[in-house]
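**Student:** The following block contains the structure, expressed as structure tokens.
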Amino acid sequence: MESDEASAAAAAASPQASGGTVTPAPKKRGRKPKSKDESQEQISGGKMKESGKKTKQQEEQSVDDKYSQWKGLVPILYDWLANHNLVWPSLSCRWGPQLDQATYKNRQRLYLSEQTDGSVPNTLVIANCEVVKPRVAAAEHISQFNEEARSPFVKKYKTIIHPGEVNRIRELPQNSKIVATHTDSPDVLIWDVETQPNRHAVLGAASSRPDLILTGHQDNAEFALAMCPTEPFVLSGGKDKMVVLWSIQDHITTVGTDSKSSGSIIKQTGEGGDKTESPSVGPRGVYQGHDDTVEDVAFSPTSAQEFCSVGDDSCLILWDARTGTSPVTKVEKAHDADLHCVDWNPHDDNLILTGSADNTVRLYDRRNLTSNGVGTPIYKFEGHKAAVLCVQWSPDKASVFGSSAEDGLLNIWDYDRVSKKSDRAAKNPAGLFFQHAGHRDKVVDFHWNAADPWTIVSVSDDCETTGGGGTLQIWRMSDLIYRPEEEVLTELEKFKSHVMTCASKP
């Protein structure tokens, strides 16, 4: 089928760094860096040693050459792609509320950050994004973009001066104008991005004042952050090995849909530089069970009382606030290295994804986990050549998910394809049906768009390939790749005579 050919073509164009593994940056870029000794040991003892021939071939071809190959395939693989050059790297990207719909495109908020070198403040950026509708963009349009330019589809709407780096952004499902951010501190910061004043980020400017501060961590909480889909609850994890839960119900004047609620947070007064002026909220619960830094957390899609967490202790832990503060289930060795990310399937609350520094994504069924720490994944997805930084289930199909990694790839998987003979016979890893290879450095974050099916925003930190900056891309693969085979063949049959006519011409 065409999808297999497209997958193979996309895989062939994957821009891997020389040697297949990215050397950690001296400064944290979206993940706690390992020492060079650790990294070299992991390379020599891991999969790169097993695939020496492939490594040699990768060394012969530069990242730019492979990127050029991928760019040549863009008109075939994508329905739409917008490339937006970032002056400063962004460690997180999230879709905000949809603003309006037009004939050929929709306008939507986009949240990202600017991680600076200190010459100007770190910022939380609110942008307006024009999302082109399916089958609207011409092939030449999506292929002719300038890597060094800003995309006309992305326009900065507002800047918030953030007190420290923005390591993670999460929007409140009940009202996505309210976001939480993690920085290098124990606190979680809550922002009403619509009522926050627009700021000019210049050296010496005072930080914007959060609308609410969530306290309770005893050490820095930098990455693990989640918002509950059913209640206005916030979940966090940090270096103190703790998982902390808050309710912000009483601090929001109205919680409802974006169109009906202003989402204003109480006690909000103008702008100030002193963070201590903001109201603060203590935890609803503190949960202890990890033996190292908690790297990511996720709520159950069906219960505000159930959640899970992963950490540098290689553990996956399930919690239930109704039964106390101890783990309900603890999988002691969910991966062979640190766990970086976790996501709970919104369509099936038994399925949980984990991503790790061992380069794999694993799928767990919580019904197969026992309280004594025994747990075997349903499947191990092996398609990355470096640490996996982000995993997320698709909102459009229950069996589809994405994973991004330090190898510069964003892989799209379909668990339903794992058992199919055609996929087993293919050269690609089982379940992998699309590789987005448009980033030339580690893909630190991505987010599926719930308002526009099969549309993704992704960001890479390009400090190692270009010396600084980042890349934001908004893209949608061709629907011929993911639609049912019979449907695609029926549609292509309409064009068969035209193609044959063209092929017969000298």
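These residue numbers are counts, starting from 1, taken along the chain as shown.
Glycine is treated like the rest: Cβ placed from N, Cα and C.
Curation does not apply to TrEMBL; its annotations are automatic.
Straight out of TrEMBL:
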REGION    1-65  region 'Disordered'
COMPBIAS  1-18  compositional bias 'Low complexity'
COMPBIAS  47-65  compositional bias 'Basic and acidic residues'
DOMAIN    65-132  domain 'Histone-binding protein RBBP4-like N-terminal'
REGION    255-289  region 'Disordered'
COMPBIAS  255-267  compositional bias 'Polar residues'
REPEAT    287-329  repeat 'WD'
REPEAT    332-365  repeat 'WD'
REPEAT    381-414  repeat 'WD'
**Student:** Could you give the residue numbers and ranges of same-chain residues that sit at least 6 residues beyond the repeat 'WD' (332-365) on either side and whose C-beta is under 8 angstroms from one of its C-beta atoms?
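**Tutor:** Same-chain contacts beyond the ends: 31, 34, 42, 46-47, 229, 292, 295-303, 308-312, 314-316, 373, 375, 377-382, 384-393, 395, 398, 401, 403, 405, 413, 415.
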**Student:** Are there residues at least six beyond either end of the repeat 'WD' (381-414) with Cβ under 8 Å to its Cβ atoms? List them, or say none.
**Tutor:** 14-17, 20-22, 30-31, 47-48, 337, 340-348, 353-363, 428-437, 439-448, 450, 453-454, 456, 458, 460, 477, 482
**Student:** Going by DSSP, how much of the repeat 'WD' (287-329) is helix, how much is strand and how much is coil, in residues?
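**Tutor:** Its residues fall into 3 helix, 20 strand, 20 coil.
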**Student:** What residues elsewhere in the chain lie close to the repeat 'WD' (287-329), defined as a C-beta under 8 angstroms and at least 6 residues from its ends?
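**Tutor:** Residues 32, 223-231, 233, 235-239, 241-245, 335-347, 349, 352, 354, 356, 364, 366, 369-371, 373, 375.
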**Student:** What average pLDDT is reported by the model for the repeat 'WD' (332-365)?
**Tutor:** 97
